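Novice: Structure incoming, see below.
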Amino acid sequence: MVYENENEVGTAIKQKIDEGVVKREDLFITSKLWNTFHQPDYVETVIKKTLSDLKIEYLDLYLIHWPMAFKEGKLEDEWFPKDANGVTLEGNGSYVETWKAMEKLVQKGLVKSIGVSNFSKKQIEDILNVATIKPVVNQIECHPYLNQKKLKEFCEQKNILITAYSPLGSPDRPWAKPEDPSLLDDPKIIAIAKKYNKTSAQILIKYQLQRGNIVIPKSVTKSRIESNFDVWDFALEQGDIDVIDTFDCNGRVLHLNWNNHFKDYPFHDEY
């Protein structure tokens, strides 16, 4: 919801369903519950707004976007409530209580599966301690600079899948500095790409797939979207995977500068 594109996406989905290009059951549609809506008695209202904008009757997957709660708000309020000094206001919500409300959405048929995003091992454990429906996914920043090996191993033990966002290192992020390293331009990645006659992006996507991760590269360019899918006709050799593994340096690209109040959270920038 915070991306403010659900109405547009919904219009496109409805158009293609009406044209007979796809059926609803052919699509896997995911959304997220934003930080200002962690209050349990408001979660259903929020997902119903998402469903209305997407012009569908159910989601395949609904995620708690972040573990921290902002100051409680309504649909018409600010996404990032701040005090007079511009510091994001913390809410009183508990993701454990929010999770219980998420489970009710499944029971009511509004969503098929539920999960989390940007959650640490400890935070997932908190949810598992109370869950009657376990999270199926933890969507996290994941790329060679931050391969999330330990968190992935923990999630696998709990039968939770990893969805890797920013798998290409978010090269178009507005806050990137000229001196920041670029995965797509790294000579080792380029060399591997040439070996398989693929692009750097395809190598980075295949790396995640062979690790067993769901991978969601972001693009608005038709040719790149098509290219990102063209990864099924080759497999990376273990030696190449080992080389890519050496890139890991706990290097996050998602800097939560808008949220400096939460510096102590484990997903905050750790460069």
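Cβ atoms here come from the backbone N, Cα and C positions, even for glycine.
Straight out of TrEMBL:
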{"type": "DOMAIN", "residues": "2-246", "note": "domain 'NADP-dependent oxidoreductase'"}
{"type": "ACT_SITE", "residues": "TYR3", "note": "active site, proton donor"}
{"type": "SITE", "residues": "LYS32", "note": "site 'Lowers pKa of active site Tyr'"}
{"type": "BINDING", "residues": "HIS65", "note": "substrate binding site"}
Novice: LYS32 (site 'Lowers pKa of active site Tyr') has how many other Cβ neighbours within 10 Å of its own Cβ?
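Specialist: Looking across every protein chain shown, the total is 22.
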Novice: So how many other Cβ atoms are close to HIS65 (substrate binding site), meaning within 10 Å of its Cβ?
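Specialist: Total other Cβ atoms inside 10 Å, all chains included: 19.
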Novice: So if I draw a 10 Å sphere around the Cβ of the residue listed as 'active site, proton donor', how many other Cβ atoms end up inside it?
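Specialist: The residue listed as 'active site, proton donor' is surrounded by 10 other Cβ atoms within 10 Å.
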Novice: Could you tell me the mean pLDDT over the domain 'NADP-dependent oxidoreductase' (2-246), as a whole number?
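Specialist: When the pLDDT values over the domain 'NADP-dependent oxidoreductase' (2-246) are averaged, the result is 94.
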Novice: Give the distance between the Cα atoms of LYS32 (site 'Lowers pKa of active site Tyr') and the residue listed as 'substrate binding site', rounded to the nearest whole Å.
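Specialist: Counting only the Cα atoms, the answer is 5 Å.
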